[in-house]
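Taken verbatim from Swiss-Prot:
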{"type": "TRANSMEM", "residues": "31-51", "note": "transmembrane segment"}
{"type": "TRANSMEM", "residues": "58-78", "note": "transmembrane segment"}
{"type": "TRANSMEM", "residues": "99-119", "note": "transmembrane segment"}
{"type": "TRANSMEM", "residues": "126-146", "note": "transmembrane segment"}
{"type": "TRANSMEM", "residues": "154-174", "note": "transmembrane segment"}
{"type": "TRANSMEM", "residues": "180-200", "note": "transmembrane segment"}
{"type": "TRANSMEM", "residues": "222-242", "note": "transmembrane segment"}
{"type": "TRANSMEM", "residues": "243-263", "note": "transmembrane segment"}
{"type": "TRANSMEM", "residues": "284-304", "note": "transmembrane segment"}
Amino acid sequence: MSVLNTRTLTLDRHAAARRLHAFYVLTKPRVNTLIVFCAVIGMFLAVPDGLPDPKSVVAATLGIAFVAGAAAAMNCLIEAHIDARMARTRHRPLPRGELAPAETLLFAGVLGGTGLTVLYHWVNPLTMWLTLATFVGYAVVYTVLLKPRTPQNIVIGGASGAMPPVLGWAAVTGEVSADALLLFLIIFAWTPPHFWALALYRSADYARAGLPMLPVTHGPEFTRLSVLLYTCILFGVTLLPFATRMSGPLYLVCAVALGIGFLRHAWRLYADYSDAFARRTFRFSILYLFLLFAALLMDHYLPL
């Protein structure tokens with residue numbers, strides 16, 4: 001093989017690797033990780049004793065992850081013109097021209113279709129339909145209808161983001177119980193303070209993109225107060241699993257400790273604001289949800 005052919009082959013491999021990475025980025029893997037984590041926790045909590053069926057867990061995890069990735073790709077496609085105007089998102093594949101809209105749409109369709117097929121045939125139809133509804137809720141209701149029109153986009157659109165544990169629960173039981181809805185309620189209450197912390201230190205970005213996020217429409221002080229109020233609501237909601245005897249003392253201790261930590265962040269964000277601390281609060285909120293759901297799982301298998 002000539003030196004020229006070797007170099008061409010190497011360049012082709014690099015180009016293929018870059019394209020694969022671009023498709024991977026479309027799925028918003030960090031967000032997807034949290035989605036899948038909460039769904040898997042829902043699967044384990046749904047089984048009163050023992051462990052869920054491993055085949056169901058694997059199939060449901062793959063199906064939910066694929067559809068979540070497809071929803072993220074559709075979000076990137078629909079908001080490509082907005083992403084190009086924002087510092088936080090201008091380096092995504094579509095604004096950079098690494099992928100074309102048509103191939104992004106094809107990728108989302110294949111990924112989502114595969115995920116729904118897996119859920120229908122190897123999990124159960126209820127989980128498939130709930131996952132499809134979640135996809136529509138995020139990619140259409142939130143992205144197209146709510147986000148560009150109302151500062152309450154996060155509050156209303158948070159319903160789709162709160163669905164993962166419900167999907168996991170339905171995957172192993174074939175039904176949606178009151179306990180599953182409690183898990184939904186926790187994420188639903190968590191979503192506004194989580195995203196508004198981000199919106200506070202990225203408010204100039206959102207204003208430049210023309211998106212009516214709360215700091216843009218109502219100002220930073222009102223948004224900081226809203227973060228504090230919703231964090232108080234979240235604290236109360238996280239006590240419900242113990243109050244309903246879904247979880248025990250171990251979870252209660254963890255929920256109270258984590259809740260106090262989140263409240264301290266929210267109070268400081270309100271009383272002594274800085275962009276750096278808003279970023280810190282945003283990051284803490286992600287860790288908070290991971291640890292809270294981990295506490296639910298620990299309490300489930302290690303009851304005191």
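Note: Cβ is positioned from N, Cα and C throughout, glycine not excepted.
For the transmembrane segment (126-146), the residues of the chain that approach it from at least six positions outside its boundaries are 60, 63-64, 67, 70-71, 74-75, 78-79, 112, 115-116, 119-120, 152-153, 156-157, 159-161, 163, 166-167, 170-171, 174-176, judged by C-beta separation under 8 angstroms. Proximity of the transmembrane segment (58-78) to the transmembrane segment (243-263) is not established, fewer than 3 Cβ-Cβ distances being under 8 Å for residue pairs spaced 6 or more apart.
Sequence-distant contacts of the transmembrane segment (154-174) (same chain, six or more residues past either end, CB-CB distance under 8 Å): 35-36, 38-43, 45-47, 52-53, 56-57, 59-60, 64, 68, 119, 123-124, 126-127, 130-131, 133-134, 137-138, 141-142, 146-147, 180-181, 183-188, 191-192, 195-196, 213-214, 293.
With a cut-off of 8 Å between Cβ atoms, the residues of this chain six or more beyond the transmembrane segment (99-119) that come close are 19, 22-23, 26-27, 59-60, 62-71, 73-74, 76-77, 80, 93, 127-128, 131-132, 135, 171.
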